[in-house]
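The block underneath contains the structure these notes are about, expressed in structure tokens.
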Amino acid sequence: GVEDLILLEPLDEESLIKNLQLRYEKKEIYTYIGNVVISMNPYQQLPIYGPEFIAKYRDYTFYELKPHIYALANVAYQSLKDRDRDQCILITGESGAGKTEASKLVMSYVAAVCGKGEQVNSVKEQLLQSNPVLEAFGNAKTIRNDNSSRFGKYMDIEFDFKGSPLGGVITNYLLEKSRVVKQLKGERNFHIFYQLLAGADTQLLKALKLEEDARGYAYLNGEVSRVNGMDDASNFRAVQNAMAVIGFSEEEIRQVLEVTALVLKLGNVKLAGEFQANGLPASGVCDGKGIQEIGEMMGLNSVELEKALSSRTMETGKEKVVTVLNVIQAQYARDALAKNIYSRLFDWIVNRINESIKVGTGEKRKVMGVLDIYGFEILEDNSFEQFVINYCNEKLQQVFIELTLKEEQEEYKREGIPWTKVEYFDNGIICDLIEHSQRGILAMLDEECLRPGVVSDTTFLAKLNQLFSKHSHYESKVTQNAQRQYDRTMGLSCFRICHYAGKVTYDVTSFIDKNNDLLFRDLSQTMWKAQHPLLHSLFPRGNPKEASPKRPPTAGTQFKNSVAILMKNLYSKNPNYIRCIKPNDQQQQGRFTSELVMVQARYLGLLENVRVRRAGYAFRQAYKPFLERYRLLSRSTWPRWNGEDREGVEKVLGSLILSSEELAYGRTKIFIRSPKTLFYLEEQRRLRLQQLATLIQKVYRGWRCRTHYQQMRKSQILLSAWFRGNKQKKHYGKIRSSVLLIQAFVRGWKARKNYRKYFRSGARITLANFIYQSITQKFLLNLKKNLPSTKVLDNTWPAAPYRCFNTANQELQHLFYQWKCKKYRDQLSPKQVQTLREKLCA
């Protein structure tokens, strides 16, 4: 399916629902209508949230990523921060559609992307922790939703010039206080009652005079005291912690729980019918123990409380008349008191939160509003609550149409494009039907409540039938404009309004009572007399000295005034919309009920929204991102374009066969009238991408082969060089090892040779040599002393002392004899020598 319904072709209700279904089945729960986000409740946790996705959507513009609440929150926050424009985020949808979760996601995103710092973090934590407190006191399990908000909430978050949160203000609308005393089968009362009973320890329960079993309380539906997947005890502790973080003191938390317990105990006060002495019906309390416990806990006079529940004081001029109440009236008074106490407690909690998160005066600030309010409701039995809820949605639809058209018109004006009048359904006639100050339904309701005489829902309906009998958007059983006499779906006590989202039949029963919302003054004064500080402060009008005879405004008037203030607030801000839809009534993941979604789409006016958005130009985008996406369609702009963005866009669109009526060039944006044109551009882009992909593949494959060859060649050369080098290294290593071995051997041999004489093994030779040298020396010295005469004829010679000298001794004797002969010859004269020579010759 398409991500933006503006681009849906063909545009009709069936194709719109089919597109939502296709996306839902693929777990794409968000879809755009321009800058509107449609959110489908997935009834499961999807992996599309958290810091990673927040960082992703923070860095991209609205249409660059898939549709997401984060994208809308980012646009709102950046517009507030950078453009100094106050923002509001309107979250609408029926119960169970995921409005509360959507508001949490918006707040968590803003908290994550805004500034840091101890003070800023404290403010962010207080803003975030307000949610569990308001959910506990304002949410309940209904047939459609286990955590349904039973009140409307508008929060203004205020920021400084840097975009850091300073605080905020919360406004609540139309708490469903009737739930306090009665719930439908399969539903629960407000969460806080069950959380208190399940999470409070024994000591606290004893102090509050409560029992743990929810079945013991008339105001609680004991059949569904627990909800699957909801831990009331854990949630109670979370609520206490949240209140502490916000700034509630321990004493304030205790007082809030005591008033909450008071509501439960009031429901257990049983009233029985009695008769006075004159025979008129009266009423009284059956069991005084409950009243006694309430009196002790709240500091009340139990007798006065019992009297206030069973009688009523009326002032006529200067006289006071006490009227006894029958049992039905007394039960009504008891329930009215319980509803008023809880409603005022809820208002007090909201005001107390506002005191903690409010911003000091004098600071310049920017504001982001978040509105989480009921969506359009059509139930089997529609009463006063549905009437005011649908009135509020009519006003919101009016705001949406007017602001959307205004925004379109302003954008066209900024871009210098002629504005074309848009045909759309103006629901102002329906708003006037309801809110007109003199002739509106609410005005008639107030008039009927205030007029003297017999007043009933029937007389109110008769007045409406008379006044609006010819109104095109009003129908009833007796009006003739639509001939509804034979319509069995409408009772005699009903009227029907043709809202923008469809026809709704309202039963006027209890319209008067709910609009009056009266609390007898006796009960108000009794509560004011309480010694309990919080309960006392909830009933300032109970002070007899300050009591005003002026009747308080009716519930309808209060709501109308609140809506008027809200509308004024919304008109002053730049709107952002989140439309929440629930895909099925069973709260099952993956299940899509087309009929249910179609009804909600009508209530939310989705088709009307798309048509308004498409009335002029269906698509618009700044020149730069448009050129970045489509520049590949023109040879002039691909692969590089160095000129102006608008000129580049004109080159791209000029190269395509497009009608000039389909295009409009604004100052900063290109406008395309028909989705078909955009789809044509996308198709051309897809084909061009295929061509470029083929080209890229071809170039890449050639490059890959060349690169592979070069790598193989380099590898072969490297391997060869390595092999040869390694071979030489091994050869050199062997030679070097051999040389080192020989050197080591020679050096060792020389060392051993040099040091051999010092070894023990050479001691014998050394000693033998020494002895031999000693006897040789002695032999030679003795021979020197005993030499024979030098006469030649003397042949005497000393004998050798040892046999080892025999040879040496003979040699010495021979040498000595030759020496003597030489010495004798040297003494002869030459004549004697000649004579001797001749004798020898003879």
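Placed from the backbone N, Cα and C atoms, the Cβ positions cover glycine too.
Given the ranges 264-286, 333-355, 379-401, 563-585, the record in Swiss-Prot names 563-585 as region 'Actin-binding'. Among residues of the same chain six or more beyond the domain 'IQ 1' (689-712), those with a C-beta under 8 A of the stretch's C-beta atoms are 632. In terms of DSSP helix, strand and coil, the domain 'IQ 2' (713-733) has 21 helix, 0 strand, 0 coil.
Within 10 Å of the C-beta atom of Glu94 (ATP binding site) sit 24 other C-beta atoms, taking all shown protein chains into account. Thr100 (ATP binding site) falls within a helical segment according to DSSP.
Cβ neighbour counts within 10 Å, taken over all protein chains shown, single out Thr100 as the most crowded of the binding-site residues Ser95, Thr100.
Counting residues of the domain 'IQ 3' (735-764) by DSSP class, helix then strand then coil, yields 29 helix, 0 strand, 1 coil.
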